[in-house]
Amino acid sequence: MSQAKSNKMGVVQLTILTMVNMMGSGIIMLPTKLAEVGTISIISWLVTAVGSMALAWAFAKCGMFSRKSGGMGGYAEYAFGKSGNFMANYTYGVSLLIANVAIAISAVGYGTELLGASLSPVQIGLATIGVLWICTVANFGGARITGQISSITVWGVIIPVVGLCIIGWFWFSPTLYVDSWNPHHAPFFSAVGSSIAMTLWAFLGLESACANTDVVENPERNVPIAVLGGTLGAAVIYIVSTNVIAGIVPNMELANSTAPFGLAFAQMFTPEVGKVIMALMVMSCCGSLLGWQFTIAQVFKSSSDEGYFPKIFSRVTKVDAPVQGMLTIVIIQSGLALMTISPSLNSQFNVLVNLAVVTNIIPYILSMAALVIIQKVANVPPSKAKVANFVAFVGAMYSFYALYSSGEEAMLYGSIVTFLGWTLYGLVSPRFELKNKHG
């Protein structure tokens with residue numbers, strides 16, 4: 001028993017894992033993407049920060065009162081039965097599968113900029129597969145090893161970003177910031193809306209503590225703390241750092257950069273310092289991917305334990321690592337990386353990001369809707385339940401706004417992926433629906 005507990009994550013490791021899942025993949029390219037819109041994107045930040053905190057608070061409540069295992073799938077089951085559990089885990093798993101390939105591609109792109117290398121599309125695809133496999137194999141040591149490695153690599157993002165938040169003000173130009181407000185003169189709501197998907201991509205990961213509930217010490221207490229702490233910490237760092245950098249680097253240079261933080265430090269100090277920052281960013285990106293690869297294996301394992309996914313995802317080693325499932329996942333991702341080989345890596349990256357955001361929002365909406373009944377079952381006093389239900393409603397409304405802002409193409413493909421899930425559930429439904437009827 002004590003040995004099993006020793007391989008579980010504590011609250012600090014889980015909070016760091018939640019933060020690194022958001023920060024590592026999200027913030028690296030964010031200043032470049034937001035510069036395409038202008039500094040008016042600070043309004044998008046505030047909207048997304050409020051929406052994300054509402055989601056995080058509601059997830060914390062779900063974590064406190066839910067008595068079902070499996071993270072978001074367990075929450076959804078309260079309101080939508082076994083089909084809701086399946087759909088939450090299926091769409092979340094698909095989202096992570098897509099997002100992890102996008103993260104790996106961005107790590108390769110950042111690394112080539114650091115080394116001054118020029119890779120062909122095929123070489124980029126092969127390098128992406130290499131990154132995916134390295135980050136998968138590093139997870140074979142179990143939950144505690146993953147937490148320890150992530151807690152080291154997160155500093156690759158925290159040091160330069162927090163450093164920029166503190167010392168960047170000495171190079172900050174208010175005039176430059178104001179001139180970059182809305183460079184393309186887009187209508188207000190159009191400009192704010194076009195930044196929403198970008199900012200939410202940065203926050204994806206606020207639910208990762210929920211996905212890892214089965215490998216956490218004292219989940220009732222630790223999951224809510226980790227979700228809220230990780231989200232709040234990331235929100236402050238995001239908003240300050242991306243707005244400081246917009247007052248240091250001219251808008252056009254920032255929009256055309258492939259390594260915005262490296263560019264900022266190169267302008268503040270020397271090109272060599274910029275290279276060091278880029279190296280730290282590559283390290284943090286790989287650490288983020290490491291955390292996500294562990295999370296997706298855990299999501300697939302939870303679904304397999306429930307009987308939704310094939311049994312191969314449930315098999316674990318002596319250190320509780322679902323190695324066979326991890327290998328299956330990375331093989332699928334390798335195929336996806338080969339399929340995405342394209343002369344325009346950036347456009348392919350954006351398609352992957354938007355599709356990942358859309359599919360990730362589905363389990364968010366299911367979880368928000370389920371909080372009402374979760375609290376009723378837990379006999380939460382009506383006055384307290386009303387507050388949490390209202391916050392969950394705000395989180396759901398933000399989720400729908402984010403879906404709308406993701407664009408028609410992402411919504412189309414995301415819908416097809418989601419509807420396919422209902423068909424797949426039909427194939428496994430007899431083992432659940434017949435049991436319910438005869439039970």
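Cβ coordinates are placed from backbone N, Cα and C, and glycine is handled just like the others.
Lifted from Swiss-Prot, the feature list:
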- 1-9: topological domain 'Cytoplasmic' (TOPO_DOM)
- 31-39: topological domain 'Periplasmic' (TOPO_DOM)
- 61-90: topological domain 'Cytoplasmic' (TOPO_DOM)
- 135-151: topological domain 'Cytoplasmic' (TOPO_DOM)
- 173-185: topological domain 'Periplasmic' (TOPO_DOM)
- 207-224: topological domain 'Cytoplasmic' (TOPO_DOM)
- 246-275: topological domain 'Periplasmic' (TOPO_DOM)
- 297-320: topological domain 'Cytoplasmic' (TOPO_DOM)
- 342-353: topological domain 'Periplasmic' (TOPO_DOM)
- 375-386: topological domain 'Cytoplasmic' (TOPO_DOM)
- 431-439: topological domain 'Cytoplasmic' (TOPO_DOM)
- 10-30: transmembrane segment (TRANSMEM)
- 40-60: transmembrane segment (TRANSMEM)
- 91-111: transmembrane segment (TRANSMEM)
- 114-134: transmembrane segment (TRANSMEM)
- 152-172: transmembrane segment (TRANSMEM)
- 186-206: transmembrane segment (TRANSMEM)
- 225-245: transmembrane segment (TRANSMEM)
- 276-296: transmembrane segment (TRANSMEM)
- 321-341: transmembrane segment (TRANSMEM)
- 354-374: transmembrane segment (TRANSMEM)
- 387-407: transmembrane segment (TRANSMEM)
- 410-430: transmembrane segment (TRANSMEM)
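The stretch from 152-172, 186-206, 276-296, 321-341, 354-374 with the most CB pairs below 8 A to the transmembrane segment (91-111) is 276-296. The highest tally of CB pairs under 8 A with the transmembrane segment (321-341), across 40-60, 114-134, 152-172, 225-245, 410-430, is held by 114-134. Same-chain residues lying 6 or more positions outside the topological domain 'Cytoplasmic' (297-320) and placing a CB less than 8 Å from one of its CB atoms are 4, 7, 69-71, 73, 85-86, 89-90, 92-93, 96, 139-143, 145, 211-212, 214-215, 326, 328-329, 425, 428, 431-432. Taking residue pairs at least 6 apart in sequence, the transmembrane segment (152-172) and the transmembrane segment (225-245) share three or more C-beta contacts under 8 angstroms. The stretch in 10-30, 114-134, 354-374 that contributes the largest number of Cβ pairs under 8 Å to the transmembrane segment (276-296) is 10-30.
Two recorded stretches are said to be in contact when at least 3 C-beta pairs lie under 8 angstroms, sequence spacing 6 or more; the transmembrane segment (10-30) and the transmembrane segment (152-172) meet this definition. When Cβ distances are compared across the two stretches, the transmembrane segment (354-374) makes no contact with the transmembrane segment (152-172), since fewer than 3 pairs at least 6 residues apart fall below 8 angstroms. Against the transmembrane segment (387-407), the recorded stretches 40-60, 114-134, 152-172 differ in Cβ pairs under 8 Å, and the greatest number is found for 40-60. For the topological domain 'Periplasmic' (173-185), same-chain residues at least 6 beyond its ends with a Cβ under 8 Å from one of its own Cβ atoms are 35, 37-40, 191, 243, 246-248, 250-252. With a threshold of 8 Å between CB atoms, the same-chain residues lying at least 6 positions outside the topological domain 'Cytoplasmic' (135-151) that come near it are 6-10, 12-14, 16-17, 20, 104, 212, 215, 286-291, 293-294, 297, 317, 319-321, 323, 326-327, 329-330.
Sequence-distant contacts of the topological domain 'Cytoplasmic' (375-386) (same chain, at least 6 residues past either end, Cβ-Cβ under 8 Å): 61, 65, 67, 78. Residues of the topological domain 'Periplasmic' (246-275) grouped by DSSP class, helix first, strand second and coil last, total 20 helix, 0 strand, 10 coil.
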